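The block underneath contains the structure these notes are about, expressed in structure tokens.
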Amino acid sequence: MTIKLLAIGKTDSNNLSQLIDEYENRLKHYVKFELELIPDIKNTKNLSEAQQKEKEGEAILKKINPTDALILLDENGKQFTSVDFSNYLQKKMNSGIKQLVFVIGGPYGFSAAVYSKAQGKISLSKMTFSHQMIRLFVVEQVYRAFTILKNEPYHHQ
Ligand SMILES: C[S@@+](CC[C@H](N)C(=O)[O-])C[C@H]1O[C@@H](n2cnc3c(N)ncnc32)[C@H](O)[C@@H]1O
């Protein structure tokens, strides 16, 4: 199974990018992983929040193949412990899915169209993180999950 993390807009902070790269590189030892950044929507100044979400939603859905499992990162989604999340990933791998796609919304979240296509929602906390910082937290948690599955000494209960 391939895991893709889809997000809108390039990561503005070099420090953040470096940390994301670090975990992305570590993850490559365990699974085929790709972080794909969808270019920012242009002329957002002339768009309402709802219009921006719609356009971002269209761009997101264009990237999804019919056989992908689409899972949204969302404050109101299901919460896991890191061990539970590792078991969740193991089950997805066992289920024969070709590609698991985690999607991070833009600054205003997801359009209704994206919600309606999603097979699940995962929350990393009840608090809201910036759409850029959450990238790092997702990559780190996926990495952590694989170290748990491999019994490696990264995670401590
Ligand atoms: C700034 S937040 C958008 C917040 C907006 N209130 C909403 O309704 O989604 C941007 C994106 O970051 C992700 N995000 C932020 N906090 C999160 C959390 N605690 N758990 C999971 N994803 C989160 C989500 O993908 C969200 O769409």
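Every residue, even glycine, has its Cβ placed from backbone N, Cα and C.
Just so you know, TrEMBL annotations never went through curation; they're auto-generated.
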From Leu73, Leu89, Leu149, the one annotated by TrEMBL with Gly105, Leu124, Ser125, Lys126, Met127, Thr128, Phe129 for S-adenosyl-L-methionine: Leu73
Residues Leu73, Gly105, Leu124, Ser125, Lys126, Met127, Thr128, Phe129 [recorded S-adenosyl-L-methionine binders]: greatest CA to CA distance in Å: 16
Proximal but sequence-remote residues of the same chain as Met127 (S-adenosyl-L-methionine binding site) (Cβ under 8 Å, at least 6 apart): Glu75
Binding-site residues listed as Leu73, Leu124, least Cβ neighbours within 10 Å: Leu124
Least buried by Cβ count (within 10 Å) of the binding-site residues Gly105, Thr128, Phe129: Thr128
Count of other CB atoms lying within 10 Å of the CB belonging to Ser125 (S-adenosyl-L-methionine binding site): 10
